[in-house]
Every structure is written in C-alpha cells, then in structure tokens.
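What follows is a short report on a single structure.
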Amino acid sequence: MKIVEVKHPLVKHKLGLMREHDISTKRFRELASEVGSLLTYEATADLETEKVTIEGWNGPVEVEQIKGKKITVVPILRAGLGMMEGVLEHVPSARISVVGIYRNEETLEPVPYFQKLVSNIDERMALVVDPMLATGGSMIATIDLLKNAGCTSIKVLVLVAAPEGIAALEKAHPDVELYTASVDKGLNEHGYIIPGLGDAGDKIFGTK
C-alpha cells in the first residue's frame, strides 16, 4: 500500500495548531478544511492531463486539462464532512458520495447505517476523507462498500493516522493509497490516537 505522510511545512504548522487542547470549534473546523485541501493537492498530483485547444483572449491557445477518471469525494459521517469543503476547493466539480458507519458497542465491529453513492462510481476515483485513522475499522468498511459498488480507484485522506490503523488498512486493502498529515505514536487503551487530536467529530460540530 502506498503511504504518504505529507511533510509540507504548512501542513505541519496547521496540524500543530489543531492539537491545542483549548482550540475553538471555529478554528478547528477551519484548519480541518485547510489541511484537507493540502492533502488533496498531494493526492491528485498524479492525475493525467491532456492538451486541448481553447479560444484565448488573443486567439486559439493550447492548454492542459485533467483527463481520465472523474472524481467522487466520500466523506465518512460525521467527521469527514469537516474536510469535504477543503477537498472540493481543488476539485469543485467532483460528485459527492456519503457513507455512514457506527461501531457496535457489544462486538466493537463497524456497522454501515447509510450510504448514498454516485451512480457511476465504477468510473470514478474515490477520495475517502475522515479526520482519523485509528483502528481502521470504519475506513475498511467504507472501502468494502465502495469496492462492492464497483469502484476500483481509491485514495484515503486523513489528518492523523495510527500505525495500528495503517497496518489493518494495508492488510485489508493493499491496493489503496493513504495520504495523511501525520503518523502518530499509536492508540491508547480507549482506542484514541496519541497524541492525536481528541474527538475530531465533537470539535468540528461543537459537541465536545
């Protein structure tokens, strides 16, 4: 599995600000979107382009445009919505597919409860966004859904990843690509990433 930890100074700076314990909901939300935007820039660096001729201000001019697979952005409810706006800054015409996953408190297994995928997802590259890759359960379940629907090109964008989640994702789906702002130390006894960001969903939605 291709794993890219984006080490750009802007990414590291913004992520550092997000780790502040008393950060406001407004600021956390803004930074989640901004880092999501920067991760998208990295994840789309290998998109193919083709030369086309358009009518410029002074006559015909040859330019490059993206060709090939179209894109669908796939936020995992609910926290993934916090990164979606930043992703769409770079791919504003992308279609949006939404997946909802919850964890069964008895079995601790991820359970899909909602999905609304674009009809031609088999023709699109999916950018799956979620702030945290902890155990990897929700992400694996989401990718299972996408593959069952015919999607074959999948990239994962997360703000912070734990080594445990990376290992689980690589075992389940070695063909996907992972882009993250940080690979953190690991999980604590409660399944939270350390040092992590805390509960990203609560911070984005102001329910902390």
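Using the three backbone atoms N, Cα and C, a Cβ is placed for every residue, glycine included.
Listed in sequence order, Glu164, Gly165, Ile166, Ala167, Ala168, Leu169, Ala172 are the same-chain residues at least 6 apart in sequence whose CB falls under 8 Å from the CB of Gly136 (5-phospho-alpha-D-ribose 1-diphosphate binding site). Under the DSSP three-state reduction, Gly136 (5-phospho-alpha-D-ribose 1-diphosphate binding site) is assigned to coil, being neither helix nor strand. As annotated by Swiss-Prot, 5-phospho-alpha-D-ribose 1-diphosphate binding site applies to Arg78, Arg103, Asp130, Pro131, Met132, Leu133, Ala134, Thr135, Gly136, Gly137, Ser138, Asp199.
Taken from Swiss-Prot, the feature uracil binding site covers Ile193, Gly198, Asp199, Ala200. Here the Cβ of Asp199 (uracil binding site) has 15 other Cβ atoms within 10 Å, regardless of which shown protein chain they belong to.
For the binding-site residues Ala134, Ala200, the largest tally of other C-beta atoms within 10 A is found at Ala200.
Ile193 (uracil binding site) sits 8 Å from Met132 (5-phospho-alpha-D-ribose 1-diphosphate binding site), counting Cα to Cα. All protein chains included, Ile193 (uracil binding site) registers 28 other Cβ atoms within 10 Å of its own Cβ.
The two recorded residues, Ser138 (5-phospho-alpha-D-ribose 1-diphosphate binding site) and Ala200 (uracil binding site), have Cα atoms 15 Å apart. Reduced to three states, the DSSP call for Arg78 (5-phospho-alpha-D-ribose 1-diphosphate binding site) is coil.
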